[in-house]
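In what follows, a single structure is set out as structure tokens and then discussed.
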């Protein structure tokens, strides 16, 4: 039987335009943040831009031009290891970033923040956010970002962390040239740069993956759907100690919903085992209950509740899911009593 396959587009004009627009905005904001908050206090940026800034402080040679010349060898490496599309935008971003750095250098004469540490934090927020935006859309500011992207591709290490480690070496070497205070503020700014960049890449919303082992998995998943309005999946496993088959409820929730989840699960099953881990990114459908975000009401579908005999009873309507707490607790109470007897 023939299978249907979709031809992969080698060039998408819309995607190219969006990435170019993001690169244009990201490099411009990066240059504004560097020249406005970093340059007046003689802080350093990371990578080749940081080396170019050291040369600028010592000789007055343009930062953008130095950055452009230093990036040429890395662009050849990018073409070999990262492919044509990434290299194309690496060239575009390097040229744009270098150009904006020199075009906006006059902003360094305007000092909006006179306190060095505050300026470092503000600059880190602007620069880190712009770098994260570029990373998220497959672009960069050139320089060490290209090396970081290659390490991310082959070793799956976050770009911000790679760039931070390399930049620390640059800062330590600069301490022998400048005073300690600018170097320390630069180190703080670079740490915040990496944090903001990673947060923009991964998203600001904190998601948690919850795994719940309970004797009432259908009840737990039903409670999550109706009260937290998030989807749930049943996973099948087996306890190694008891040898009993288990159903594990898996659901993605928000950080602020953890306490609510604990309370709801405890109401259903006081002996439930819950463990929660970080979910760095959530992609695709199924995070929220179907149709809830648009209408505020859950669509009718088959759900379950426990009757007085402790049997799971199916119903086709949400209105009929009489998860009657009096009946449910009566069953739990009788069940606990029978166990004691």
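Glycine is no exception: its Cβ is also placed from the backbone N, Cα and C atoms.
If you check TrEMBL, you get these features:
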| type | residues | note |
| --- | --- | --- |
| DOMAIN | 230-284 | domain 'DUF2179' |
| TRANSMEM | 16-34 | transmembrane segment |
| TRANSMEM | 54-76 | transmembrane segment |
| TRANSMEM | 88-111 | transmembrane segment |
| TRANSMEM | 117-138 | transmembrane segment |
| TRANSMEM | 159-180 | transmembrane segment |
| TRANSMEM | 186-205 | transmembrane segment |
Checklist entry - Which numbers of helix, strand and coil residues does DSSP report for the domain 'DUF2179' (230-284)? => result 14 helix, 24 strand, 17 coil
Item to check | Chain residues in Cβ proximity to the transmembrane segment (54-76) (below 8 Å; excluding those fewer than six residues from its ends, i.e. six or more beyond) | outcome: 42, 44, 48, 87, 90-91, 94-95, 97-103, 105, 142-143, 146-147, 174, 177-178
Item to check | Stretch-averaged pLDDT - the domain 'DUF2179' (230-284) | outcome: 82
